[in-house]
């Protein structure tokens, strides 16, 4: 596991944007003749990835990267919100990313939170991921309690896509988007920790002092289902990109180690 420490959230977003650009461009550069498999990426919502999406949009407009052969799978969606609801993750992704890049609509995959059969929706989502040969890169964020996607504390670290009841802490944290805590849905469909761990590469963005304890638990303590993001310690190719504020709880030795190790590293 790598830890990349940047000065602020803008620098962290820029770094991750460059990684994504390199991974996508390298994939198509090295793809064998006759192989039509697209690049498959998992995507999050929330405030943390916004600088990343903004930068990728700029790169796309400048023709530094194309999404025409990229397939996306979003991490989660609220149960009960229509796709055109302004607080749904469908709406968020189209408003902040998909409407501004050259991606094909049929290559966009987001869980349907209004389906009558949640179990079947989740089963089909897993099957569709596998039909593409798995996810090449999963981009994610981290909650203040160390959750990844909507895999709340106590979630199985081998879990697959399913319906989850949200914790009070998550509901409170997400109420800033709804302006009223009573409007925040109490359930969501989410990819599982196991689904994320199956990706060939995982990148987490962690910014802000509020994430400091979660980052400490994820990096310096053992793998623990009460801090689901800690599972990435077991992944063979994972990167956490954070800002200085998020390192507040790390030991000085840990901080210096990663700063030294990554000082001369590339993407």
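Each residue, glycine too, has its Cβ placed from N, Cα and C.
As given in Swiss-Prot:
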- 76: active site, proton acceptor (ACT_SITE)
- 145: active site, for ring-opening step (ACT_SITE)
- 147: active site, proton acceptor (ACT_SITE)
- 152: active site, for ring-opening step (ACT_SITE)
Coarse DSSP state, helix versus strand versus coil, of residue 76 (active site, proton acceptor): strand
For residue 76 (active site, proton acceptor): intrachain residues, at least 6 apart, with Cβ closer than 8 Å: 45, 89, 111, 149, 150, 188, 189, 190, 191
Distance from residue 145 (active site, for ring-opening step) back to residue 152 (active site, for ring-opening step), taken between C-alpha atoms, in Å: 8
Neighbour count (Cβ, 10 Å) for residue 145 (active site, for ring-opening step): 19
CB contacts for residue 152 (active site, for ring-opening step) [other CB atoms within 10 A, all chains]: 21
For residue 147 (active site, proton acceptor), the number of other Cβ atoms found within 10 Å of its own Cβ: 27
